[in-house]
Structures are given as C-alpha cells and as structure tokens.
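Trainee: Please find one structure pasted underneath; my questions will follow.
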Amino acid sequence: MCFSFHLGTLDNKCNVQKNSTFLVSNGCISSAPVEITSCSGLCETSSIYSAEANALAHSCSCCQEMTTTKKEATLTCPDGSNISHTYIYIESCGCKASDCSGQSTSLKRRRRRL
C-alpha cells in the first residue's frame with residue numbers, strides 16, 4: 001500500500017534521488033562513498049463516486065523503480081582483505097498502478113485504535 005499527498009502542483013514528481021554513502025556489509029566497508037539511488041516523489045491517487053457501482057472508485061499509483069542495473073563496489077574488511085559487493089542501482093523511476101482498495105479500511109482501523 002502506498003500513500004500520496006497532493007498539495008497544489010506536482011513539483012515533487014516521481015524521480016530518481018541520488019545519495020552518496022559508504023556501503024557496509026558483514027563488517028566490511030567501501031573505501032570511498034558510493035552513489036546509491038532511491039525513488040521518491042508524488043504519483044496520482046484519487047477517489048471518485050461511481051453512480052454505476054454506487055460506490056467510490058479508487059485509483060492509486062506508487063513511485064517505484066522502472067529500470068535497474070547491478071553495480072559492484074569493493075569493500076575492505078577488518079582483516080585487510082577485499083570483497084566484491086553487488087548492489088542494485090535505480091536507473092529510472094515512475095508511477096506504477098497499485099491496488100488501493102484496502103486503504104480506507106486500514107485507515108479506519110487505525111483511527112479506532114487511537
């Protein structure tokens with residue numbers, strides 16, 4: 001399930017976000033920061049009344065990866081040895097259709113618990 005909040009214009013459209021960080025795996029660390037990626041931004045989500053169904057029709061999409069590649073980084077371990085670490089790099093992001101039929105139910109349940 002994904003949530004999207006539409007505040008005015010779509011200034012924060014779904015796209016690739018880049019960040020540099022040290023990769024750590026099993027106590028081994030990259031000697032330099034590595035560029036990693038994520039998807040972030042707004043996608044369309046709506047609820048509209050359907051007279052035919054006499055119910056609300058929901059349309060949801062989530063900001064997700066569209067294309068990825070595998071990249072490798074060399075990590076140095078505490079004993080001085082080097083290992084090769086493969087990670088997923090996001091090349092592009094987009095809005096993918098998602099099932100949002102359960103959103104209102106789960107939100108109602110959360111409100112009752114509070």
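Yeah, the Cβs are placed from backbone N, Cα and C, and that goes for glycine too.
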Trainee: According to the record in TrEMBL, which candidate from C28, C39, C43 pairs with C95 in a disulphide?
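Mentor: Between C95 and one of C28, C39, C43, TrEMBL records a disulfide, namely with C43.
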Trainee: Of the listed cysteines C63, C77, C93, which one does TrEMBL record as disulfide-linked to C28?
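Mentor: Between C28 and one of C63, C77, C93, TrEMBL records a disulfide, namely with C77.
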Trainee: Taking DSSP states H, G and I as helix and E and B as strand, how many residues of the domain 'CTCK' (14-101) are helix, strand and coil?
Mentor: 0 helix, 65 strand, 23 coil
Trainee: Between 0 and 100, where does the mean pLDDT of the domain 'CTCK' (14-101) sit?
Mentor: 93
Trainee: Taking Cα atoms as reference points, which of the disulfide-bonded residues C28, C39, C77 is nearest to C95 (disulfide bond)?
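Mentor: Among C28, C39, C77, C39.
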Trainee: Given the disulfide-bonded residues C28, C43, C77, C95, which one's Cβ is surrounded by the fewest other Cβ atoms within 10 Å?
Mentor: C77
Trainee: I need the nearest neighbour of C43 (disulfide bond) among the disulfide-bonded residues C28, C77, C93, using C-alpha distances.
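Mentor: The answer is C93.
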